[in-house]
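> First the structure, then my questions, so here it is.
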């Protein structure tokens, strides 16, 4: 009797348990990647703010020195310009390093979304036309994990493109108002929608990373 019971076990359970474990790992990875993104975003804003302050400071010095045309002031102007260029280059390199870090995070987000899509395709192959599929955890169908992952991915993909533009323009603009607008864009991340945190927390709750 016992042997017969063992013989009735289908291969579905181990396939789904592997899928559930992978999706749970992905949810934790999403959480960790977003935390790392926020840390880099804050660091990038500090650097961008330093770039803005440096440029505004130079503009103010230029206005003051326009009132003086002595040889001494000319020599001092060249010295200040050289120091400014060196400092600006250093800050721009720091901002580029931050962008490189954000790019690596976004690539990892793409892999998470791709993996979740693959799990959905595996489940479709496994169940075929069957409409009733048991949820891997509590209530979410597997496809919902992909929908949430894809939505988060698109937010951060667009945000990364915006930050690249901001970093490029910030180093070249001489307009203080435009500079402040770029800083605001970097800080407030307009493409990361307000419900992104809700999506993440819901996924963590569904997969058991948060207590019900």
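Cβ atoms here come from the backbone N, Cα and C positions, even for glycine.
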> To which of the residue ranges 73-107, 108-142, 143-177 does Swiss-Prot assign the term coiled coil?
73-107
> From the list 17, 69, 196, pick out the residue that Swiss-Prot labels phosphoserine.
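Comparing 17, 69, 196 with the record, Swiss-Prot tags 69 as phosphoserine.
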> For residue 202 (Na(+) binding site), write down the residues of its own chain that are at least 6 apart in sequence and whose Cβ falls under 8 Å from its Cβ; none is a fine answer.
148
